[in-house]
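Novice: The structure that follows is given in the form of structure tokens.
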Amino acid sequence: MDGAMYREILANNLLPSVRALKMGRGWVFQHDNDPKHTARATKEWLRKKHLKVLEWPSQSPDLNLIENLWRELKVHIAQRQPRNLKDLEKYDNILMEEAAQILEIETFIPLLLQNPEDGYSRLKRWIMIGDHHQLPPVIKNMAFQKYSNMEQSLFTRFVRLGVPTVDLDAQGRARASLCNLYNWRYKQLGNLPHVQLLPQFQAPNPGLTFDFQSPTLTSTRTWKHLIRDVINQRCAGNPCFGQPNKVTTVDRFQGQQNDYIILSLVRTRAVGHLRDVRRLVVAMSRSRLGLYIFARVSLFQNCFELTPAFNQLTARPMKLHIRPNEYYTQGQPREPHSSQPDQVIKNMPEMANLVYNMYMHMIQSTQQYRQQQQKLLPPPRQTQAEAAAQAEEDQAEPPVNVDNQEETPMEQEPAGEASPEKTPQETPEKGDQEEKVPEEHPKMPEHPGRDSDSDGEDSGAEDAP
């Protein structure tokens, strides 16, 4: 969207409201400081209309309604991909996803974007999709959050007022065992048939004994940045490890999913904000195939709100059980009685040693594989320049007659006798030694009783009495 369209929106919507309310010139226009909205032409147009523009951005994004408006518009534009905003002027249906995580005032914005026709709205259907059992909108101002109940979404308000709802009764995201960690929060949440039929849900997680355990999502931003720094320092530049798909907080990851999740609960003294059951539901429901939690179990298992989930976690071993000899191959069932026992990781030093040994094994295997591949490679081909240079050398050298060549002293000797000192006539000249032997000349056999680099004096000394 260019500045002209933005000015047209302001002229058609903002100025009539200002004139109707008779606010006068003391009225201040709150700007969102977006680059395309702070263009010089737009600023000059606002000054010509005698509108005061607040240049600095709002300190709280929760109060910046214009910023929230453009965020909502970006979502709709990305979904429909219209040529311009005029295509959004008329619509009959609204489908609002993650409605339980949207502020009430943000919910009304798409309802009022289009102009009424003949005094009536064109809107016929409004569908809100959300989960009030998960986290509400994030309000950074504690006064608004606690005393104004601003974190309650319109979706949650409707549910509390008894508005009829259609509840989800089956999920198809995760394994059935993982679904049991959070389905107790819902009325009747089962599993779709493909959860029991697809091979990816039936096959075990390679290298891991269990599909969930309590032995990278984090619960705080500080821990998130620490994990990112460690990964960037020690894993990012290593091709054997690399970086994970994403390192973020539970609140930021709501509405997303991944095959494997490592959840880090760093609380050691008090449960704190993790006591909120809605945050626990979000954390437990993000993984599809495997969930592995690092936490202080003695702290969380005494929390009454989290008991249904942590009772299932503590029913399994508290130490991490792995199978280092298994590799990622989907669709292969695991043998019920494996000949190799599980390897139990008891503490952090054992985990560090395991990672180091696996890394060194990968390096050695890679080197051996490269050496085998190099042996199988064909000899390098000569380039045209090398072939031309070789042909010139062959033409410049005189041909050697192998049949008329005199027999060398080495060939005249018996196989078991040492050769005496060479006479001057038998000693080749210096020029003959420096002359290159062509490729067609047969290689001179080495004497079996001495090294090819040894001279005649050594061999004579061996036969001396």
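Yeah, the Cβs are placed from backbone N, Cα and C, and that goes for glycine too.
Taken from TrEMBL, the feature compositional bias 'Low complexity' covers 370-390. If you look up TrEMBL, you'll see 419-453 marked as compositional bias 'Basic and acidic residues'. The compositional bias 'Acidic residues' feature in TrEMBL is assigned to 454-465. The domain 'Tc1-like transposase DDE' annotation in TrEMBL covers 26-88. Taken from TrEMBL, the feature domain 'DNA2/NAM7 helicase-like C-terminal' applies to 225-295. Residues or ranges marked as region 'Disordered' in TrEMBL: 370-465.
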Novice: Please spell out the DSSP helix, strand and coil residue counts for the compositional bias 'Low complexity' (370-390).
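Specialist: Its residues fall into 14 helix, 0 strand, 7 coil.
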Novice: Using DSSP, how many residues of the domain 'DNA2/NAM7 helicase-like C-terminal' (225-295) fall into helix, strand and coil, respectively?
Specialist: 22 helix, 17 strand, 32 coil
Novice: Tell me, roughly as an integer, the mean pLDDT over the domain 'DNA2/NAM7 helicase-like C-terminal' (225-295).
Specialist: 85
